[in-house]
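A short write-up of the structure that comes next.
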Amino acid sequence: MSFLLHQARFFTTVNHLRDLPPSPQPEVAFAGRSNAGKSTAINILCNQKRLAFASKTPGRTQHINYFSVGPAAEPVANLVDLPGYGYAEVPGAAKAHWEQLLSTYLQTRSQLRGMILMMDSRRPLTELDRRMIEWFAPTGKPIHTLLTKCDKLTRQESVNALRATKKGLDEYRAAGYQGELTAQLFSALKRIGLDEAHELIESWIAPGLAGDPDGPVAAE
C-alpha cells in the first residue's frame, strides 16, 4: 500500500515564531518526551531512515523541524516535528523558550489540523504529556496518541497500557474537551500500528488522497 507520508522531505527549521512558514498547507504536529521515540516514529511512518534526527543530547534540540509531504513541486501538507520535552538537564532559559515556542504554536497556528502525541507505552500520560494536552485543548482540534515501544511489553501489558491511556483521555472529555481524543499501540521496531497511524494522519491532511481506497479509518 502506498502512503502519502512516504513522499516526505525536509523543508525548513524554525527557532522563533516569526520564522514559521506562511504556506497555507495543513500541518500535523508531532510531540513527545525526549525519550519517547518520536524521531524514530516519524522516520518509520515516512519510510525513511534519516529524515528526522534525534539530538545526541536529549532535550537540547529546541527548534521546530518542518517536513513537506506530497509531490515536491506541489506539497499538500507539512509534518511538524516539535522539540522533545521532559529532559531534566535542559537549562532554565532553554526550557522557557521551548514552552513559549510550543504553547504559542499549538494554540495559535491556524494551519494545524491535529497533534500526534508520542508516549512511551511503559510510562503513558506523564505530567508533561498532560500539559501538552492542556495547551492544545483550547483549539478543539484532534489529538491522537501513539503508545510507542509497545514491543517491550507483553500482550497483557499492552492491553493494560492502552486501556489506562484511554481512561486518562476520557477525563479530558468529561472536563469538556471538544476535540477528538484517540490512542493506539505503536512500535517502530516491529512495525506495529503503522497502517492505522498512516490512515488517521492522512485523513487529517488529505482525506481524498489517503492510502486506504475505502477511505481513512480513525483509531478508537
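Placement of Cβ uses the backbone N, Cα and C atoms for every residue, glycine included.
What Swiss-Prot lists as domain 'EngB-type G' is 24-207, and the listing cites sequence analysis. Averaged across the domain 'EngB-type G' (24-207), pLDDT in this predicted model comes to 90.
The GTP binding site annotation in Swiss-Prot covers 32-39, 59-63, 81-84, 148-151, 185-188. Using a 10 Å Cβ-Cβ cutoff, Ser39 (Mg(2+) binding site) registers 23 neighbours.
Annotated Mg(2+) binding site per Swiss-Prot: Ser39, Thr61, in sequence order.
If you measure from the Cα atom of Ala188 (GTP binding site) to that of Ser39 (Mg(2+) binding site), you get 10 Å.
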